[in-house]
């Protein structure tokens, strides 16, 4: 080895290769690499002898100053603290083999049978679904080993996956073909399938309102068309077009109600609720194009090329009948909206403006516009009969078109706002926030978002800062403390400490997941409108 000696003043440092002596004045403590303390005498015999000669050769003044300095220093033992650090583990791809995998994924991804999984180790884990508390999972490494045992090699497994993928594509093509044949069969022989829940929707609530409106507006269109053919009135033509537009739009609403009842699928995990808003939006555009556009066109033509009008007696009779029928449909829609608004705790105006039920809103606004347009058409036709001036009738057609354009603009605006994903009311958001913050396990919440998905379905999202002490105490309350204390006392080295911490650390993480599930369940129970909850852990 080598030995280096350096002297600065009265402090000497000796740095051998196999031990580390620390010398402060005349006191020397030696520590070897194995942590054992050596006798200072042995060190003086080796390392301090070369240094004593120069000290003895010094003058008396130097000795006096050294003695004074020695008295000024406090002789304290030097303590060396060593921090035990766990070696950082590099997690490679093999570590993911300890991940869990469900039985469905094991069968689909590794081409196994359910009987193959019976021989594997089964592990019970906390279920992410509300209807079950626990479910069975398997180790990914066990599943991969079993697949290699069944198929012989990774190449054979890859070929089987490719074959199954091609079979799935072919199955989907055949399924589409069979569904088309089944529709043709139903059209030819009749549909003998029992009435579905979608069909039952048209016998109550918004579906009932829409079906009543379709029947009444269809009859109104037929009689108004006859009156226009008989009289040639521009206002009567606008009324006939108005009734036709209402019938087509409400048929579109019925289609939207039927499609919104479809169950969610992998392509649409949140369902088809927004189909009602889409149908209402298209209905508003249809009112603008068919109703308002044709009414304006016919009114302008009447102003440019006026022509005399025949007897309006039949037109008045048909308008009176239309007023009664449209008024009846309007009352049905008003009663339905008033009942739904009371159930939601909203006023009639708030329920309509927020477009809580787009189908009923369309019927309400269309029938209200129909009643007003009948009054406008009757007034203008009466002025034409009294004065003999056909321009009043054309002005009435323009008035009906303007009324329909206003209704269509309102429908387009409200349904577009609903489809964009607007936030819920601030009062309701505040209640959800207070519910989370009042829970002991929650320390703070950030970035809160609550989106109205349509038809009183809310999606709630928040980033939650959980109190780790409360979560840990919740875990400890379920444990045998005496047994846990015995496990702690049995820990003698780093390996046992690591095993102890990994075991209980995983259990604490499971406890945190259970707390998240509990909070989500509480939010849904106390606020039935909340259907989807996403809590992100900070």
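Just so it is clear, glycine is given a Cβ too, placed from its N, Cα and C backbone atoms.
Please treat TrEMBL annotations as automatic predictions, because they have not gone through curation.
Values in this document were obtained by computation on a predicted structure and should not be read as measured data.
Sequence annotations record features per position, and here TrEMBL assigns compositional bias 'Polar residues' to 61-72.
Look at TrEMBL and you will find 210-420 tagged as domain 'Cation efflux protein transmembrane'.
Residues or ranges marked as region 'Disordered' by TrEMBL: 32-73.
Taken from TrEMBL, the feature transmembrane segment applies to 209-230 (among others).
Per TrEMBL, transmembrane segment is recorded for 277-301 (among others). Packing against the transmembrane segment (277-301) from elsewhere in the chain are residues 234, 237-238, 241-242, 244-246, 248-250, 252-253, 255-257, 259, 355, 358-359, 361-362, 366, 394-398, 400-402, 404-405, 407-412, 415-416, 418-419, 454: each is 6 or more residues past its ends and has a CB under 8 Å from a CB in it.
As annotated by TrEMBL, transmembrane segment applies to 313-334 (among others). Outside the transmembrane segment (313-334) by six or more residues, the chain places 208-209, 212-213, 216-217, 219-220, 223-224, 226-227, 230-231, 233, 236, 239, 243, 360, 363-364, 367-368, 370-371, 374-375, 377-378, 381 with a CB less than 8 A from a CB of the stretch.
The annotation transmembrane segment is assigned in TrEMBL to 368-388 (among others). Residues 217, 220, 233, 235-236, 238-239, 242-243, 246, 309, 312, 315-316, 319, 322-323, 326-327, 330, 395-397, 399-400, 403-404, 406-407 of the same chain, all 6+ positions outside the transmembrane segment (368-388), place their C-beta atoms under 8 angstroms from a C-beta of that stretch.
Here TrEMBL flags 394-413 (among others) as transmembrane segment.
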